[in-house]
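Colleague: Sharing a structure below in structure tokens format, with a few things to ask.
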Amino acid sequence: MAFATRCFVRAASSAAATAAAKKLIVKHVTVIGGGLMGAGIAQVAAATGHTVVLVDQSDEILKKSAKGIEESLKRVTKKKFADKPEAGAEFVDKTLKNITTSTDAVAVVHSTDLVIEAIVENQEIKNELFKRLDKFAPEHTIFASNTSSLQITQLANSTTRQDRFAGLHFFNPVPMMKLVEVIKTPMTSQKTFESLMDFSKAVGKSPVSCKDTPGFIVNRLLVPYMAEAIRLFERG
């Protein structure tokens, strides 16, 4: 009887561990920042069936973002649905219905799976944003920054969810560029990392893994390349 009990306990523990290790399937996304990058991320997420809330400081900015997304979608449909205009119009309509807007980030993160930050490249402002949202987002919610230059670890340290924090660096223009850098810090859990890799693939991108190193991959290669070009120009 004792043996059977031990086996049952081990099986239950194993099942619990397996459940805990399951990757998060991202369905609801909150994008903070309605600029070029934020709007682009919102577009590709909504176009692939995700429910998206796009957040910025004013309704005026968000109206401009929504207009830009609609125009971008129409350009996409001209190529994707060249021979099927009705299907293209349906695609645009369906995608736009997946996007809502808000000026109150705190009010909309309570039911989101993933928060993607795409605001100004300022460490203090980003830290303050993540620190505030950390208090209101559900425990399972993953935080990600689209920063191209700031250290992800420092951003993660502004929250209590360092294991559910990573970089998710898209490239401009987001609807066209396939590459996404998924940046894993020393604290990022494997579950979080794999969930973000899966999300990137789900929105039609080709994700690459990267450590939290200055410039990540692309910019770290690009800066020396550009510097050498400048030196060559100076030498005539």
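Even glycines carry a Cβ here, placed using N, Cα and C.
When I checked TrEMBL for this same protein, it listed these features:
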- 28-213: domain '3-hydroxyacyl-CoA dehydrogenase NAD binding' (DOMAIN)
- Ser72, Lys79, Ser148: CoA binding site (BINDING)
- His169: site 'Important for catalytic activity' (SITE)
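How buried are these features, and what lies next to them?
Modeller: On the 0 to 100 pLDDT scale, the domain '3-hydroxyacyl-CoA dehydrogenase NAD binding' (28-213) averages 97 in this prediction.
Lys79 (CoA binding site) has a Cβ environment of 8 other Cβ atoms inside 10 Å.
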Colleague: If you measure Ser148 (CoA binding site) to His169 (site 'Important for catalytic activity') at Cα, how many Å is it?
Modeller: 6
Colleague: How big is the Cα-to-Cα gap, in Å, between Lys79 (CoA binding site) and His169 (site 'Important for catalytic activity')?
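Modeller: Distance between the two Cα atoms comes out at 26 Å.
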Colleague: Around His169 (site 'Important for catalytic activity'), how many other CB atoms lie within 10 A of its CB?
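Modeller: The answer is 25 other Cβ atoms.
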Colleague: List nothing but the largest Cα to Cα distance in Å, as a whole number, among the residues Ser72, Lys79, Ser148 that the record says bind CoA.
Modeller: 30
Colleague: Do any residues at least six apart in sequence from Ser72 (CoA binding site), in the same chain, have a Cβ closer than 8 Å to its Cβ, and if so which, in order?
Modeller: Ala39, Gly40, Gln43, Pro173, Pro175
Colleague: Near the Cβ of Ser148 (CoA binding site), how many other Cβ atoms are there if near means within 10 Å?
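Modeller: If we count other Cβ atoms within 10 Å of Ser148 (CoA binding site), we arrive at 17.
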